[in-house]
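Undergrad: Quick one: the structure is below, and I'll ask about it shortly.
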Amino acid sequence: MASSSTWGLLLLAGLCCLVPISLAEGLQGHAVQETDVPRHDHEQHQEAACHRIAPNLADFAFSLYRQVARQSNTSNIFLSPVTIARAFAMLSLGTKGATHAEILEGLQFNLTEKAEAEIHEGFQHLLHTLNQPDNQLQLTTGNGLFIDEKAKLVPKFLEDVKNLYHSEAFSINFRDTEEAKKCINDYVEKGSQGKIVDLVDELDKDTVFALVNYIFFKGKWEKPFEVEQTTEEDFHVDEETTVKVPMMNRLGMFDLHHCDKLSSWVLLMDYVATATAFFILPDQGKLHQLEDMLTKEIRAKFLEKRYPSSANLHLPKLTISGTYDLKSLLGNLGITKVFSDEADLSGVTEEQPLKLSKALHRAVLTIDEKGTEATGATILEAIPMSIPPNVKFNKPFLFLIYDTKTKAVLFMGKVMNPTQK
């Protein structure tokens, strides 16, 4: 039987397609098995497992971002590094030999220093921690495994993706490509709360299985902006281009300082609960320098030592998205064999050799006065008598959203033009 396999990352949503090497290049499926999230008695052990893989995931996040930036000098960037890493780590469970090593090393794991079991345990606890219910912060992740009704996958692979990556499994008829596409897109749309639609626009009828994975985030600022203070202001895309954007304004106390090393203003804004947004505004002509210099060590220093100061802050409201073909991006990080005829995915199915034909990632972000969810709040702050500086994010800037509990970079991006969707 011809085989192929698909996989997606979402709201970060993405899609990876596995095809036979012999080839040129609500849900309506039936649940095969429901996965129970493992119950852990020791929260401290969970966090420790997450934290052990956090440095590697951070290195991967910044390396991947730089690859995207090199291909995208004038466009907005938005992606979820942790979602991409999770998807490929999950796929690695079905790979062997050089294909296997390339994926984990491309995700910045040194297999001589960190046992593979420790890596997967870290992801297992990361997913469990991120999916803990919180009244103030909506952060949910999910994995869907869509299996062709005639396919015979390796039982251990099925067991591992369910137990370690909390994947749900569904039986599906991939020969009916339109119905299969609808099932996968419905799963993605539902999981992303309608933010990601029509992720899959075409599907190979020889597909054997699809791994779809998503993360959805809704957060409220600890210190929201007043809607009444939002005004239309200029945003300077480049020396020749200026656009009008709705600019949020607030006079108050912020974790804000000018970092001479990065030649940038650095703003940290906390969401209610465990997430923090970093906004980094480079000085004129220093954008590329900032992109090259930003590392996990610098990010950690910003968290360790905050600089509360008064300012009149101007931050644009925006909705941006990014769609990426990961084949070339990950190829530059050393992940190549899984996309080639040399791929060894015999841990997925032994029926016919497979390779990864497509890997797509799509992400969407909205920033507004309340965060990403409307809610009322009143902030009273004492402001120093001295005249506070005006800090305007009215030219290209970088940002990332970081989960303080798991120490994971959830999202990362660059705003070149807020009017560019």
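Positions of Cβ are set from backbone N, Cα and C atoms, glycine also.
Annotation comment: Swiss-Prot describes 1-24 as signal peptide, evidence class sequence analysis. Positions annotated as N-linked glycosylation site by Swiss-Prot, on the basis of sequence analysis: N73, N110. Taken from Swiss-Prot, the feature region 'RCL' covers 376-395. Positions annotated as phosphoserine by Swiss-Prot: S386.
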Undergrad: Can you work out the mean pLDDT of the predicted model over the region 'RCL' (376-395)?
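TA: A mean pLDDT of 62 is what the predicted model shows over the region 'RCL' (376-395).
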Undergrad: If you draw a 10 Å sphere around the Cβ of N110 (N-linked glycosylation site), how many other Cβ atoms fall inside it, taking every protein chain shown into account?
TA: 9
Undergrad: Could you tell me the C-alpha distance between N73 (N-linked glycosylation site) and N110 (N-linked glycosylation site) in angstrom, no decimals?
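TA: That comes out at 31 Å between the alpha carbons.
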Undergrad: Near N73 (N-linked glycosylation site), how many other Cβ atoms are within 10 Å of its Cβ?
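TA: Here the count is 10.
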